[in-house]
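According to TrEMBL, the protein has these features:
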{"type": "TRANSMEM", "residues": "B:34-53", "note": "transmembrane segment"}
{"type": "TRANSMEM", "residues": "B:73-100", "note": "transmembrane segment"}
{"type": "TRANSMEM", "residues": "B:112-131", "note": "transmembrane segment"}
{"type": "TRANSMEM", "residues": "B:151-173", "note": "transmembrane segment"}
{"type": "TRANSMEM", "residues": "B:185-207", "note": "transmembrane segment"}
{"type": "TRANSMEM", "residues": "B:219-243", "note": "transmembrane segment"}
{"type": "TRANSMEM", "residues": "B:264-286", "note": "transmembrane segment"}
{"type": "TRANSMEM", "residues": "B:306-327", "note": "transmembrane segment"}
{"type": "TRANSMEM", "residues": "B:334-358", "note": "transmembrane segment"}
{"type": "TRANSMEM", "residues": "B:378-398", "note": "transmembrane segment"}
Amino acid sequence: MFKGIKDWLLNLKNEGVEKVPDETKREFLKIGLIITGVFAGGSLFSVISRVAEGLASSEELHKSYPYKPHYSMVFKIDRCIDCELCMEACRKTNHVPDYGWRTMILRRYDESALDQKTMFMPILCNHCNNPPCVRACPTKATYKDKKTGIVRMAYDKCIGCKTCMVACPYNVRYFNEEKHAVDKCDFCWESRLSKGITITACAEACPAGVRIFGDLSDPGSEVYKLVHQLAKPVWVLKPETGAKPNVFYTIS
Amino acid sequence: MSEKKNPVVTEVEVTTFSQIWLTSLLEFLSGTRAFYFLVGIAALVVLIAAMFAVNAMYTGYRHAYGLTREIPWGILISGYVFFVLTSSGLCIVSSIGHVFGVKSFMPIAKRSVYLSLVTVVAGFTVIFFDLENPFRLLIWNILSPNLTSNIWWMGTLYGAYLFFMALEFLLLLLEKHRYAMLSGLLGLISLIAEVAASSNLGAVFGMLHGREFWYGPYIPIYFIASAAASGCTAIIFFTYLGYKITAEKMDRAMELSLQAVGKIWALFLAVLMFFTTWKIITGFVGGEGKVLALKEWLTGKYALNFWLFEVGFGLLIPFFLLLISGFKNLNQMFVASVFAFIGIFFMRVDLVVVGQIVSHYFEFKVTDFPVILSYKPSIYEIMIIVGAIAFCMMAFLVGEKVFKGHKTEIH
Amino acid sequence: MRKVKILIGTLILLLSFTGIAFVSEKNKGESVKLEEPQEVIYYESEQFGGPEIVYVKPVRGVLFSHKKHVGELGFPCESCHNSLFEMQALKSQENPDFKMEALYQGKYCGACHNGQAAFASNTKCATCHIGVKGLKEYMRKLASKEKK
Amino acid sequence: MKFIVSRTRVPLWSKGKPCDEAVEEELTPLDYRMVPSIQEAKKKIWFKEWWEGGVNHREENGMIVCEKKQKEKNWVIEINTHEDLIKFQEKYGEIMNLDSPPYKEVKKEIRILRAK
């Protein structure tokens, strides 16, 4: 008991992470990750695994993932070329109207950067473990799927108060007029995963292998291997909100 | 008939018309038949606003309102906050008298209870046209409640409040002494519901951990203080107008009552000044997103809103007018309340909009969104707010006539 | 009679106000939708010897800039034409082998972008891949130039 | 001289007598309106209700006034001498003397600030 607390305190000491709430740190520790420091101007965090030190065995590790399968996506963002085939595939598969989007590619542009000045950054719903939108919804129209951890919508319950849209730190929700409800990415659960397909439409459409989709609780999966390694930085967007996203970013 | 086509004559008619209109407005304040004219205009505005609202409903809010997925809450939510907090304030301030039994606050109670009902109904009307599926709310609020959601608590508590307050008002109308205890108890229940609802409304904003500008315990507390201030504003504004219409001589008890309200108002204005000051000062040492929002609020597009309307109209002018009036000169207090009403509305607008204007991905130097997003209310949104204000005005005027100046005191 | 006048006047005022507001609101219209992304040949300036070319096959939005290669780096035309690329712009995207694999084998851009003469073809993706966003930017540039 | 008696605080659960001596009496409220003459009052929206709701209409100090037909019940005491007033004060603690709401029978109100 006390040894655990001592270890935890020791781990806290050498981290330069003033902005992260304690719960985030603890949660990351739980899943065998620690936040090692600030990356790229304070906005990105690298999370790398300390499986060997933190936990006895990999079985113990994936018990600590709250969902089975624990769906997750990893972006190798330096490979993204903004061909927007993923967005097209998403529109077609999930009938997303032209005024909205479930996934998008943002263009980061920095004139003062050395050499390459552009970087594309795909975004979609982060399917957070502590989703602000789910807490805010008055009618449970948006909910965290108990089995898969996917943040889904019950369209007929949506009253259209748009609180979830305000609550979301990632701007991944929009109001769909045809459905008369807020719509968002559900990792293609309705259109594909529930029908036995194991990969989302966007990940399938990507020609550059940017989007890697899989089960984070399965040590054999690619996402697991990409997240649980030391060699390359892995980070999530806006960790300071404490939403604990399940979408990770890394480089190839 | 042929005269009307002559442009010169029309011009003359227009000037005389505006003169007549102005004199009517002044006449109204002395309680002549211009009263009916004003009720008619208010009704007309409500009707036109209703046409706009229904039109917006049919065309779809995405087309009708100036809202985007980045800024999904606009002045309709601000308007809702404005009305329900005014209602809360009326309830809080008047309950000092009719719930806690402080004699000097009793004369204002009846009018306050009525206006509290009116403003909460206006608030609900406004939010009805903001919700995309308001009818689903009635079903799923009961069948599938999310107890962690502040919106749920807020909606349910305000619903309960409306119910209890309506009952209480009915009992007050009966003017039977044997109901006094019951109405007092109802008042207590509705006060509790109201305070809980307002702080929950604050928590709707304060508990969004993705929004730095709002997040924290600040807004729920601020909303209670702010509600009390706007309640005092409303009491002074409407009581003054009410006495002008009925031309009654204000008795000493009523005067004392308004003076007491004025003192409480000054106190809460001071509290709000502290709140605003420390909100800004603490914000500037916070995260980058909050600093950006604050900068936009204080020096950017919202600077006029902040300095002129919020600080000037909403806080400083009423405060100094109150001090000058010595809490005795009712005319000055009334002018203060007019300024404060305008200021408070802008406070609500800024609170809601500024919390959303910083782009989600500003820190990544993204070219797809500007760092500061923009929001401009559409004519539909403005008309719905105008309609709700006209509704309150109309209900107030009709109330003065029907309930004869809310004369009888609550015992 | 006076009351009637006031009432009619107010009515007209309100109605005209709403009417104006309504019309102005309606005239705003929807924002112009960008047409489907298409390939772009955009002449920035004649002195660079060639246009800015944005390929759309096999993926959309890959830029070859004459401005960069001829204007800034000063390569003569002969270094690419007609050995690596034909003079006709966008001709090579019709070839079935115009893919990243070909570049890694030293064809097309890969002749120089091999990690020695210039950065390797499998690095710094977003330098040449300007994406649909970049493509649309060039389309807008082209459209505004054509208007002039 | 008659006074209305009241207390600064009326708890919810006790709406009884404000003091032992008080008796409940029906009083006739006066309805003052800030209009110089009855002629002018005829234009006002409240005129009918004012006219029909009261009797003995008259002009007074640049105002018009009538006695309402609807009586109001109130707690009243009678204190005639200064000594009685002092005694009353000694019995009930601090008191405040103020103008009562306008009644025909009573003009002043005694408010007991704090019961001893």
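Backbone N, Cα and C atoms are what each Cβ position is placed from, and that goes for glycine too.
Sequence-distant neighbours of the transmembrane segment (B:73-100) (same chain, 6+ residues past either end, Cβ-Cβ under 8 Å): 65-67, 106-109, 112-113, 115-117, 119-120, 122-123, 126-127, 129-130, 158, 161, 165, 183-184, 187-188, 190-191, 194-195, 197-198, 201, 223-224, 226-235, 257, 261, 264, 344-345, 348-349, 351-353, 356, 375, 377, 381-382, 384-385, 388, 392, 410. Residues of the same chain lying 6 or more positions beyond the ends of the transmembrane segment (B:306-327) and with a Cβ under 8 Å from any Cβ of it are 233, 259, 262-263, 265-266, 269-270, 272-273, 276, 297-298, 333, 335-337, 339-340, 342-347, 350. Here the transmembrane segment (B:219-243) does not touch the transmembrane segment (B:34-53). Their Cβ atoms form fewer than 3 pairs under 8 Å, with each pair 6 or more residues apart. Away from its own ends, the transmembrane segment (B:34-53) comes close to residues 24-25, 27-28, 129, 245, 379-380, 383-384, 386-388, 390-391, 393-394, 397-398, 401 of its chain (Cβ-Cβ under 8 Å, at least six residues beyond either end).
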